[in-house]
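Q: Sharing a structure below in structure tokens format, with a few things to ask.
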Amino acid sequence: MACPTFKLNNGVDIPSIGLGTWQSKPGEVTKAVEYALKEAGYRHIDCAWAYGNEKEVGAGIRASGVPRSEIFITSKLWGTYHRKVEQCLDETLANLGTDYLDLYLIHWPVPLNPNGNDPVFPKLPDGTRDIDWEWKISDTWKQMEAVYKKGKVKAIGVSNFSEKKLEEILPTAEIVPAVNQLEIHLWNPQHKLMDYLKSKGILPQAYSPLGSTNSPLLQDETATEYAQKYGLQTADILLGYLIAKGIVALPKSVTPARIKSNFDGAVRAASKLTKEDIAKLDAVAPGGKQKRFIAPPWVIDLGFDNWP
Ligand SMILES: NC(=O)c1ccc[n+]([C@@H]2O[C@H](COP(=O)([O-])OP(=O)(O)OC[C@H]3O[C@@H](n4cnc5c(N)ncnc54)[C@H](OP(=O)(O)O)[C@@H]3O)[C@@H](O)[C@H]2O)c1
């Protein structure tokens, strides 16, 4: 089944479904990526330096036999590298075994102390996160623009940026971010932020589209009703709802049957859901179900509504 693509603000096409790889263990992710590309039709893989499994993701990409040019690969700059974007990117490229990325994102608008007590999650003696307070994210964005201009990445964007955080980089940005990757799903649709992104030409990508670990959103009654109505699975409705709204969906799975059904089911659900269905699904969170699943204790106020 063909996967619809969306267009980024620089003209690059992006497949609307991508395989997530966070918490995919090194021992599982190679097979999951190989299967997704070779057997299930995926052409988009979502990675990050901080996931610690990019070498194994790269092995899966090569094992699939699908040409690099047909695959859309995203990775993300980690917080301890905000002062040295190209170094983090080079490590990712080496780990994945490729010489360019299709999309590179700032993972969080949170620069972390590069010389702290841990290379990934540096902490202060009191246990709180060790923030690099002197560094401005607008300067991180300048370095993102530099690696884009060098041709090492085909598009640049951000992740976990609220309107407030985007307003910290946009006034001095030469290039508007192509993407903002966020926790977006039935219970955290962030309608206001979606409207803002649209007004700026920034494409939203939905992470944790099933509610993250153990997919708690599969219990949602409204999504389950639509699944029964259309003879689909609840996961299909959750994913198809996003795609129908023009949002890239990034479901993670290491289970072959789920990898395949998420892809086929999402495309089917996106084509079946009507405007009225979408309006009802849009009303689920404002109707009392609002919930975020991913909210690390960053210390910095990220400026999001409904941050727990
Ligand atoms: N930018 C960021 O800060 C950020 C943050 C979080 C996530 N992400 C990205 O977004 C991706 C997806 O988010 P996520 O991993 O948090 O969660 P998710 O995709 O919402 O859910 C993953 C969970 O759902 C299970 N699952 C998948 N398909 C299923 C199905 N059809 N039926 C039942 N269970 C199913 C998976 O289990 P199995 O794997 O065992 O099948 C896993 O436990 C990540 O992997 C990552 O690439 C980015």
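Using the three backbone atoms N, Cα and C, a Cβ is placed for every residue, glycine included.
Pulled the feature table from TrEMBL, pasting it below:
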- Tyr51: active site, proton donor (ACT_SITE)
- His107: substrate binding site (BINDING)
- 17-284: domain 'NADP-dependent oxidoreductase' (DOMAIN)
- Lys76: site 'Lowers pKa of active site Tyr' (SITE)
Q: For His107 (substrate binding site) and the residue listed as 'active site, proton donor', determine the Cα separation and express it in whole Å.
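A: Computed Cα spacing between His107 (substrate binding site) and the residue listed as 'active site, proton donor' is 11 Å.
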Q: Please name the residue among the recorded positions Lys76, His107 whose C-beta has the most neighbouring C-beta atoms within 10 angstroms.
A: Lys76
Q: On average, what pLDDT score does this prediction assign to the domain 'NADP-dependent oxidoreductase' (17-284)?
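A: Computed over the domain 'NADP-dependent oxidoreductase' (17-284), the mean pLDDT is 98 on the 0 to 100 scale.
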Q: Express the distance between the Cα positions of Tyr51 (active site, proton donor) and Lys76 (site 'Lowers pKa of active site Tyr') as a whole number of Å.
A: 10
Q: Tyr51 (active site, proton donor) has how many other Cβ neighbours within 10 Å of its own Cβ?
A: 21
